[in-house]
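According to TrEMBL:
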- A:Asp72, A:Asp136: Mg(2+) binding site (BINDING)
- A:1-20: region 'Disordered' (REGION)
- A:Tyr106: site 'Interaction with target DNA' (SITE)
Amino acid sequence: MTLDRPEFRPDPDLSHEEMEALQRDIADAAEFEDDLPFDPEAVALNSPVEADASGNERLGASSDAPVVVGVDQAFLEERAVSAIVAIQDGAVVERVHSVTPLSIPYIPGLLAFREGGPILAAFEELSVEPDLAIFDGSGRIHFRQAGIATHIGVMLDLPSIGVAKRLLCGEPAEPVADRPAGWSTPILADASVVDRRETTEKRAGSETTREQGVEAPEGTVIGHAYQSRQWDREQSINPLYISPGHRVSASTTVDLVDSLCAGYKLPEPTRLADRHADDAKAQYE
DNA sequence: GCGACAG
DNA sequence: ATCTTGTCGC
């Protein structure tokens with residue numbers, strides 16, 4: 001794939017201030033409304049996608065159906081194994097991975113600067129053209145509304161979605177415990193969420209222009225908690241926290257993830273990428 | 001200072 | 001994320 005916005009590359013050598021400034025630029029460039037090159041109904045799955053451990057993929061993509069890729073990573077000490085699995089018409093059409101060094105530690109809010117480069121390296125190995133990417137982590141559910149799903153989505157100008165297992169920020173509109181499969185509730189921006197880059201701070205004499213953000217309006221929906229699966233009795237499964245990455249609205253994000261789930265907690269693209277990352281990792285240890 | 005914090 | 005045993009349920 002070609003980088004639509006190479007200037008937004010998540011350089012791990014930037015200072016934290018520069019990283020946050022870049023994220024505000026990413027949020028400015030992000031589109032949190034539907035701009036999909038396909039009909040959302042066209043990605044629906046009827047059953048789990050066959051993993052096919054032998055590595056065989058359906059050949060010759062003689063289809064117009066949208067290609068959805070799942071992105072996930074596994075780690076070996078100071079290296080990241082980034083995996084991408086592409087599905088189309090309910091079948092795997094390509095699987096790639098890359099192994100790259102990691103340069104900075106995980107810092108909440110700055111995940112893209114640790115894992116973004118490695119993920120872009122994996123995208124360089126991909127030969128099919130994706131129509132939608134599902135990332136392991138947040139998109140708009142982020143302090144500056146620029147989580148890794150948004151960051152990579154904007155760089156590639158690719159519709160993207162963030163699927164996280166835990167909530168980074170924001171507040172669920174309703175309690176999320178013990179909900180039935182299919183249930184969802186909005187995640188509302190809280191005081192930790194900045195809405196857009198804002199400046200102007202004029203003082204007598206000096207005019208300081210800061211690159212800060214203003215608090216997001218209360219009630220801003222930055223994503224949803226979505227119960228993709230639930231047990232019938234005792235134990236309870238936690239919901240997924242899904243959010244728009246780029247070129248998808250919050251509500252469509254819920255519909256798409258719902259369509260891409262096939263009986264497991266994680267949507268199929270993510271589940272397959274998860275397994276592929278683990279398989280690839282095993283070859284390096 | 002305290003708490004919260006994707007992977 | 002990663003390290004792991006036990007356990008639930010189809």
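Every residue gets a Cβ built from N, Cα and C, even glycine.
Counting Cβ atoms from all protein chains shown, A:Asp136 (Mg(2+) binding site) has 23 others lying within 10 Å of its own Cβ. A:Tyr106 (site 'Interaction with target DNA') falls outside any helix or strand according to DSSP and counts as coil. A:Asp72 (Mg(2+) binding site) falls within a strand segment according to DSSP.
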